[in-house]
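Just below is one structure, and these are the notes that go with it.
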Amino acid sequence: MTLRHAILGLLSKWDATGYDIKKEFDDFMSIFWHSHLSQIYPELNKLEAEELVTSRLVPQEGKPDRKVYSITNGGIDEITSWVGAPPDIPKIKDSFLMQVFFMDNISADDVIFQLKYYQGVRQKRLDEMKQTVQEAWESIVERQIMTPRLLMSSAVLRRGLEQEVQYIRWCEETIALVEACKSLWDTDTSPDSVLPFNDAKELMENYYNATLALENDEA
């Protein structure tokens, strides 16, 4: 996915200003994509230069004119072609997972602290997303309407909730794992510190079996 396709997708249903587009990102699309106004406006300029969108100035009393963007037929063709193309498998870039990978460099207590802190961060995000879902549903009920866009955005929100639940559960399981293996950190600070396999066999078997069974697991 690229920013241009996100913008074209939003404009495919209604005209919008750059600020409107940014708000849509913040309110509904932050589950899978983040963007800033400093990125949105240059991209809108590129799309306009390619004649995929047009713009017009709308006067406002006592305020600067609003620059409102509309999608063109060429823009519709672009977004339709992109949505219908085979999807790419996303490349993961998760800075916290990178930190966790190297947490043998800090104490077990610090590892647990970091995991608990991050668990709280994801719990807060989950609570905020649940509120968004609740508000979206209340709006649908109040207006008594359903559209393909509303239906598919609901599916995306559902997937976002599942991801947060899975992340929180992973934090809980990893905290338990570290607590059970604290002696790895306590006995020796060298990279060669080891725990006798028999001491950790049952715990690690359960952990790896649970990992291998994830394909059949539901959040």
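Don't overthink the numbers, they just go from 1 along the chain as shown.
Glycine is treated like the rest: Cβ placed from N, Cα and C.
Copied from TrEMBL, the annotated features are:
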DOMAIN    7-79  domain 'Transcription regulator PadR N-terminal'
DOMAIN    92-178  domain 'Transcription regulator PadR C-terminal'
Helix-strand-coil residue split for the domain 'Transcription regulator PadR N-terminal' (7-79), DSSP-based: 37 helix, 18 strand, 18 coil
Helix, strand and coil counts within the domain 'Transcription regulator PadR C-terminal' (92-178) (DSSP): 77 helix, 0 strand, 10 coil
Taken over the domain 'Transcription regulator PadR N-terminal' (7-79), the model's mean pLDDT: 91
